[in-house]
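Database features, via Swiss-Prot:
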| type | residues | note |
| --- | --- | --- |
| BINDING | 11-12, 32-33, Lys39, Lys54, 75-79, Asn92, Lys143, Val169, Lys177 | NADP(+) binding site |
| ACT_SITE | Tyr139 | active site, proton acceptor |
| BINDING | Asn168, Arg179, His186, Phe200, Gly201, Glu202, Tyr203, Arg213, Tyr292 | substrate binding site |
| ACT_SITE | Lys177 | active site, proton acceptor |
Amino acid sequence: MTLIVTGAAGFIGANIVKALNERGETRIIAVDNLTRADKFRNLVDCEIDDYLDKTEFVERFARGDFGKVRAVFHEGACSDTMETDGRYMMDNNFRYSRAVLDTCLAQGTQFLYASSAAIYGGSTRFVEERDVEAPLNVYGYSKFLFDQVIRRVLPSAKSQIAGFRYFNVYGPRETHKGRMASVAFHNFNQFRAEGKVKLFGEYNGYAPGEQTRDFVSVEDVTKVNLFFFDHPEKSGIFNLGTGRAQPFNDIASTVVNTLRALDNQAPLTLAQQVEQGLIEYVPFPDALRGKYQCFTQADQTKLRAAGYDAPFLTVQEGVDRYVRWLSGQV
């Protein structure tokens, strides 16, 4: 049967397409918007059956043009947390998602979709519960509102609906994201260009570089998506993070030490990296004050209860792999 991946040329979507290929799945319809044409590179090493622009997909899907569709991996969205055009964000992330959901429910198609930890905003608790959800920007609100729709629909749904609140995802195939690419990606490029990595200094009670996030490798994100794809009886909204909060210092230090290792140099401690000017702290920008999550950490209780028991990569493991991959692309 046919599989559909929206946002297929994007970061997570392309990784899902590649992972499906590795299972022998090639009857895949890739849906995206290639106005930014450089994203095509993410699909060059992938096998797909067809490509559709997102503007024509919804109508054709609702019309039944693709026959029996087993599953839709809905990864297509505007993920720019600094986007201020609320009308565009709601149309792209909320209305479009509702249209895809409605057809999946009507046709009995598995619906696996990208939600976001941005829903939690400045909360210090990260559980899939309404009372801790308070997005700080319109991107987070667009994801929040769609999750509320899912909560209302789930009790009567006859087919799978699985939403994943992605935390800070990093890994291969994110180059096109530009300023919205991961910290690991930017640290890598900055170190190669300038010989040092810059991190935010003290802010909101956190020491320089000690703001913490739940950084999760796209390898693990893909594995979780495929686990639920294999278990269509499992539905719900799930946090998708490692369950470990790690500081930005860990990302930067791992990037520096991996690049040093590739240059046959010995690893350094964080203190040594700072002392030698390999990591530099800069004042926290005014534009981000009040809009910045200083701490995120996924509560994995629901995910583990659903049966997903595989370990998640640490920053040291995942970023080391990623930096080596990036180095091979240069």
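Keep in mind that glycine also has a Cβ here, set from the backbone N, Cα and C atoms.
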Given the substrate binding site residues Asn168, Arg179, His186, Phe200, Gly201, Glu202, Tyr203, Arg213, Tyr292 in the record, what is the largest Cα to Cα distance, rounded to whole Å?
-> 22
Ranking the binding-site residues Asp32, Glu75 by other Cβ atoms within 10 Å, which is at the bottom?
-> Asp32
Fewest neighbouring Cβ atoms within 10 Å: which of the binding-site residues Lys143, Lys177?
-> Lys177
Nearest recorded site to Phe11 (NADP(+) binding site) by CA-CA distance, among binding-site residues His186, Tyr203, Tyr292 = His186
Spatial neighbour of Asp32 (NADP(+) binding site) that is closest, considering only the recorded positions Tyr139, Asn168, His186, Gly201, Tyr203 and their CA atoms = Tyr139
Cβ-Cβ under 8 Å from Ala77 (NADP(+) binding site), same chain, 6 or more residues apart: which ones?
-> Gly7, Asn92, Asn93, Ser97, Ala114, Ser142, Lys143
Pairwise CA distance, Lys39 (NADP(+) binding site) versus Gly201 (substrate binding site), rounded so that it is a whole Å | 33
Inter-residue C-alpha distance, Tyr203 (substrate binding site) and Tyr139 (active site, proton acceptor) (nearest angstrom) | 23
Reduced DSSP state (H/G/I helix, E/B strand, rest coil) at Phe11 (NADP(+) binding site) is helix
